[in-house]
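K.L.:
Questions regarding the structure given below will be posed in turn.
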Amino acid sequence: MRPLPGAPGVAAAAALLLLLLPRARSDEHEHTYEDKEEVVLWMNTVGPYHNRQETYKYFSLPFCVGSKKSISHYHETLGEALQGVELEFSGLDIKFKDDVMPATYCEIDLDKEKRDAFVYAIKNHYWYQMYIDDLPIWGIVGEADENGEDYYLWTYKKLEIGFNGNRIVDVNLTSEGKVKLVPNTKIQMSYSVKWKKSDVKFEDRFDKYLDPSFFQHRIHWFSIFNSFMMVIFLVGLVSMILMRTLRKDYARYSKEEEMDDMDRDLGDEYGWKQVHGDVFRPSSHPLIFSSLIGSGCQIFAVSLIVIIVAMIEDLYTERGSMLSTAIFVYAATSPVNGYFGGSLYARQGGRRWIKQMFIGAFLIPAMVCGTAFFINFIAIYYHASRAIPFGTMVAVCCICFFVILPLNLVGTILGRNLSGQPNFPCRVNAVPRPIPEKKWFMEPAVIVCLGGILPFGSIFIEMYFIFTSFWAYKIYYVYGFMMLVLVILCIVTVCVTIVCTYFLLNAEDYRWQWTSFLSAASTAIYVYMYSFYYYFFKTKMYGLFQTSFYFGYMAVFSTALGIMCGAIGYMGTSAFVRKIYTNVKID
């Protein structure tokens, strides 16, 4: 059993509960069974097919339960609880390698209220999810006739379970026994179990749920190749234009060094050298700016580590493991946030470092938790399984206050002491230089709007695959593609922001810090706009719950992506600016 990441008290309670549960014979956690040992069929959720996140407890519909003694389920991980996994024992008697002939396990006394509930579910294409030995099984509740007047319920679950040695490697469900829904009748629910020997290896048992034809389609490979060619083009363009242009700039500035004062006054002085006394001036609102940079660096570190872990470990094989890993890594990388945010704030002369530390530590958690709690109220109103339990909310708050905040404090102290001293290559003038008028397309607002187009273009196709895996019924497993796309995104973002910053400085506008951050962060605007297109043209989602869930979490995803891209763009641009002003002689 996996411990609860970041919440040892909850993990200990879960471990204690495991010892007290009356289920000692079945061992789905070790995934090994003795002959005739109990195998648990867990009933998870039921909900409309087109609204993947709108799920309810399986027994919220008037299904009946088997006669076998109930077994309580506990949340193994924080991610499982946050994702609304509500496993309830089916009551079916299933034993390892022991076939079960068709048998009735319960009876539904179908009154008008229960019939209406089933009819509503069938009209909205409800289907349910079950688990055997952590293997998911899906089935549809029922179907309507062609005229939509009569409705039928599937009453017979035919299970075929494949085993290899003492392990379960395959599960298939066939729904049969179509019965018309007529009020004031009794409907018998039945099942059968057939065990078959299988050659599938235990390590490969999830391969049947993957869709290589979708994720490894030619368009996916083409998009990676296209983005890679974009990177080569951009890097070459930046290298050629900037190196040649900077060489000319350096030659011109060197020539100006040799002029006397009279010639220099008569000369045509222009370009990025003229703002050397203001280019390292602290940004406006340094507290917010440094907090955003620190948060962006942490998000990048989390993304990189989680993708690497997902490439090494098949996280998709365990419920909630991806979310649990992300939460654990985010908490563990809090010193990254404190280090980069705290050191930048110190270099910009900030004095309210404790306030900056608190804002940096809670900026992302507050955004995520605020959105989640808002959606949670809607989930509670709908009685959906996605409603976050109170205990899970407490666990998340404990992680924020007792793990993230102290680690952020450590990172802030290290950042201020190790790299908090300003060591700029140019002195900062006491009086800011006036910014001259320039062409409209050189204004920071225009640069910001245009800066995110190329980074978005480099990840556009990958966004479709990620959206489909999260909002539809696809398991994302091509994390090698995701790693390549992350690297490409970083390179494209840095190249674009460097070019934007160079043109801005050449127009003698020294407001490059926020411009570099926002021009890279504007990628998030295009991603969120694409999410609207995806919702209306690629899905059939409907209803308040699913709509709020979709656009709420897409806003969180887009904002986090924008903060990460902004931090990457700023860090690359900062190194570029420091480099070009280091190589220029300034009196």
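Cβ coordinates are placed from backbone N, Cα and C, and glycine is handled just like the others.
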K.L.:
Among 117-139, 324-346, where does TrEMBL put the label transmembrane segment?
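P.N.:
Spelled out, TrEMBL records transmembrane segment over residues 324-346, not the other listed ranges.
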K.L.:
Residues sitting near the transmembrane segment (221-243): Cβ under 8 Å, six or more positions beyond its termini, same chain?
P.N.:
454, 457-462, 481, 484-485, 488, 491-492, 495-496, 498-499, 502
K.L.:
Considering only Cβ pairs within less than 8 angstroms, which of the stretches 324-346, 388-410, 549-571 has the most against the transmembrane segment (445-467)?
P.N.:
549-571
K.L.:
Against the transmembrane segment (287-312), which of these stretches has the most C-beta pairs under 8 Å: 324-346, 388-410, 549-571?
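P.N.:
The stretch with the most contacts is 324-346.
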K.L.:
Can you see whether the transmembrane segment (388-410) and the transmembrane segment (324-346) are touching - at least 3 CB pairs under 8 angstroms, only pairs 6 or more apart in sequence?
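P.N.:
These two segments touch.
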